[in-house]
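Working notes, structure below.
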Amino acid sequence: MKNKEIRKELLRIAEKEVFLQTAKQRMIFAAGHTGQEVCEAFSAEGQGFSEEKANTMREQYGANVLPSAKKRGFFRRLASAFVNPFSVILFVLSCISFLTDVVFAQDGEKNYVTVSVILVMIIVSGLLRFVQETQSGNAAARLSSMISTTACVLRQEGGKAEIPVEEIVVGDRVFLSAGDMIPADLRILSARDLFVAQSALTGESAPVEKSSKEEKEPSVSASCLAFMGTNVISGSGEGIVFATGADTVFGQTAKSLSASSVRKSGFDKGINAVSRILIGFMLVMVPVVLLVNGFTKHDWLSAALFAISVAVGLTPEMLPMIVTTCLAKGSVAMSGKKVIVKDLNAIQNLGAMDVLCTDKTGTLTQDKVVLEMHLNADGKEDPRVLRHAFLNSYYQTGLKNLLDVAIIERTKQLIAAQEINADVLSEYIKADELPFDFERRRMSVAVHSGGGKVQLITKGAVEEMLSVCSYVETQGEICRLDETLRQYIKNRAETLNLAGMRVLCVAQKSVILPVSVQNESEMVLIGFLAFLDPPKKSAAIAIERLKRGGVAVKVLTGDNEKVAASVCKKVGLGTGRIVTGAQIEEMDDLSLRAAVEEISVFAKLSPVQKERVVRALRENGHTVGFLGDGINDAPAMRAADVGISVDTAVDIAKESASVILLEKDLTVLADGVREGRKTYANMMKYIKITSSSNFGNMFSVLAASALLPFLPMTSVQLILLNLVYDLTCIALPWDNADEELLKKPAEWDSSSVKKFMFWFGPISSLFDLITFAVLFFVVCPAICGAPFSDLYGSGTAVFVAAFQTGWFIESMLTQSLVVHTLRSRKLPLIGSRASLPVIISSLAGIALLSAVPYTPVGNLLGLYPLPGSFFLILLLIAAGYFVLATLVKSLYIKRYKKFL
């Protein structure tokens, strides 16, 4: 007793001074000492921590939050909103304007207008970006909070309690079962056939068995340690937390990863490619514009200011914000359809999905499994068969699936009806267990009746059970299971399968402890269990909706082919030929790639086989979604373009998914796919319209610089025009989408963006040149009373101001017209009407910039109030643009068979 007290005291000193201060030291200590010693070191040997003690441990060792998950603070977000290429260029312009218009200007000629306008633009654009990104971030946070991963821990207030993993602290005692994610780094205290998949850390695909035995050499492969980011495959156990959050092995790995190592989606790469094209054009055009204006106008400072302003106009600075806004708006809209998006980039993949792979149970069926029959080998109802099945389901410590729940519920009903002895649990005590795995496709529990013989009870799939049974109990006697009886049992099971029932067999034998998988042999078959999971009424409608939307539905199930065929037929999914897991094992990759194109139903699949099917579909060029909720679905979900799960799924399934359904129903998913396509369509509108508009502006600016004896627009006018136009585009995420865009998968094609630019960009340039000609030869001479060559002094200034004002207004009008003409393949207003926010923002932008020249602000900006006749000419130019753009649009569609 005295030695024990001394040891406890030494452990407390070690914690305070050396051993337990760093995560590495705690890991060494945890691996090298017994579970009891580790519990004593963290004062966790009692009934769990109180809330107060948990808070103290959190302050001492840190929260269980990974570094990448920490939210950026207010000031960091505010700073990032103002530090971007657009704001930096504006700031440079304001500095140059301040020097030329204020510092070096003569007394009486100092002008603060340009500097003030540019500073207002910086503030407005920065605050707008900040507000928009904050709203997007808040929306994402709200959606994330709707999905939480929990862990079962021991706490003083309530014993075993399910708490969010973020609330776990060092010293917490965590209970593990099949399907759980390991919530932090743990020292295993007890384990019962506990197998953990560690591929996320070690790359090893085979699960590793865990035990409570200490080891002198701590490492990620130590059997007594389990680490955050791994998951329980089978069995159960208990562990004590020795590291959380950033201190975990997984957290240290996450910290060492740079942002550049994050895998970009095809959509990200496409947007970056478009941005690079536009920036590349800008880098070529700006020096050309500078040189042309410098040599022709002989005012290098003005030429430099104009060239920088052109850089602002040609830089797609709003593209990231518009895309983020589209995705955030889409994720909020999808949440209203009971679809929660964990990763915003998954929206594009969901919209592009053309093949959906799904499990059968709960998706095509009602997810309410009922035990319809418990038959002996003679085909008669037998409570003894149910009693054995109940002991197996009740005492197993792995994940209780719907079949186990149905067995337990049915037994309780018969106990209440006094058809089964209520003392069944008190009669039998659990002695050992062999957890379920997807290779054996069965599970066993060993029980004994208070010191008597040990009985091994096994249940599982028919063929797998028949392979370990040598005897059968029939007509009260145990007989050898010969081929005749074996075929009789198969036929009976097949009859039930054809009726849409899932069948399990139950067997037993006497054994000597401890038991192993080798004991599952020479068993006595005692009967069948037949389960019914009726098809959902909504499944057939949802499948038809998905098919009409260009999404092929393929069923990947662990059930046998007869049950799968029966259910699929009832929901209108043509079965034809069904491929089983055994057949897939015999196929090489090329054969499988050919098979997945023809087959709609795959049965009796293992997790690895499901993953192979998904990878084969992706290799064939499909965008694949996988909907699942079990441990066996996680590998396939990770292999898919978009993993989809439900909020009631096991932890590993939810962790593997990028989209979570609040209701396990294909109708909900069909709604989500439609919303994903709408989001994608609106993003593509902005990308294609902006890229073509910018492309056209390049030629307009170059032509104006070469042909005009003055700058076509001042730097501040060009920047104001760009800012107001970008503000009007913020409404595009709320635009309507044409029905045909929602009826087919939204496929990213970077080449289509380039085609769009080259077809529609020059139209803008053509009408800019027409505007230049009308202004230079008609409107401005009419205002000034003479052509430009005959003017001098104030007359020249009025001519230039009138010209710049005309192009200023025309640019806003045509750019807004571009949005409404090219947002749909149909005629604006008649065939396809923009949403109210888009219409209002466009009209507001046109009205604002058309009215500015008639205000004092316009005078400060160097704008001139044009006569009403100019607006009649402008309407004719706009009508001409509309007619030509519509004609080119029809030719484009005729050639490429698609538009957006």
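Quick reminder: no glycine exception, Cβ is built from N, Cα and C everywhere.
In terms of DSSP helix, strand and coil, the domain 'Cation-transporting P-type ATPase N-terminal' (29-102) has 52 helix, 1 strand, 21 coil. The domain 'Cation-transporting P-type ATPase N-terminal' feature in TrEMBL is assigned to 29-102.
Annotation source TrEMBL lists transmembrane segment at 78-100 (among others).
Beyond the transmembrane segment (112-131), the same-chain residues lying 6 or more positions past its ends with a Cβ under 8 Å from any Cβ of the stretch are 77-78, 81-82, 84, 86-87, 90-91, 93-94, 97-98, 101-102, 321, 715-716, 719-720, 723, 726-727, 730, 860-861. Per TrEMBL, the feature transmembrane segment maps to 112-131 (among others).
For 273-292 (among others), the entry in TrEMBL reads transmembrane segment.
Annotation source TrEMBL lists transmembrane segment at 304-328 (among others).
Here TrEMBL flags 694-711 (among others) as transmembrane segment.
What TrEMBL records for 756-779 (among others) is transmembrane segment.
According to TrEMBL, the feature transmembrane segment maps to 834-854 (among others). Counting residues 6+ beyond its ends, the transmembrane segment (834-854) has Cβ neighbours under 8 Å at 720-721, 724-725, 727-732, 734-736, 805, 808-809, 812-813, 816, 819-820, 823, 828, 861, 863-866, 871 in the same chain.
Beyond the ends of the transmembrane segment (866-888), by six or more residues, the same chain brings 759-760, 763-764, 766-767, 770-771, 774, 778-779, 782-783, 802, 805-806, 809-810, 813-814, 817-818, 821-822, 827, 850, 853 to within a C-beta distance below 8 angstroms of the stretch. If you look up TrEMBL, you'll see 866-888 (among others) marked as transmembrane segment.
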Using a Cβ-Cβ cut-off of under 8 Å, list the residues of the same chain that are 6+ residues beyond the ends of the transmembrane segment (273-292) and lie near it. 303-304, 306-308, 310-311, 314-316, 319, 687, 691, 694-695, 698, 701-702, 705-706, 750, 753-754, 757
Which residues, given as numbers and ranges, are at least 6 beyond the ends of the transmembrane segment (694-711) yet have a Cβ under 8 Å from it? 278, 281-282, 285, 288-289, 292-293, 296-297, 302-303, 306, 310, 313-314, 316, 757-758, 760-765, 768-769, 772, 776, 788, 800, 803-804, 807
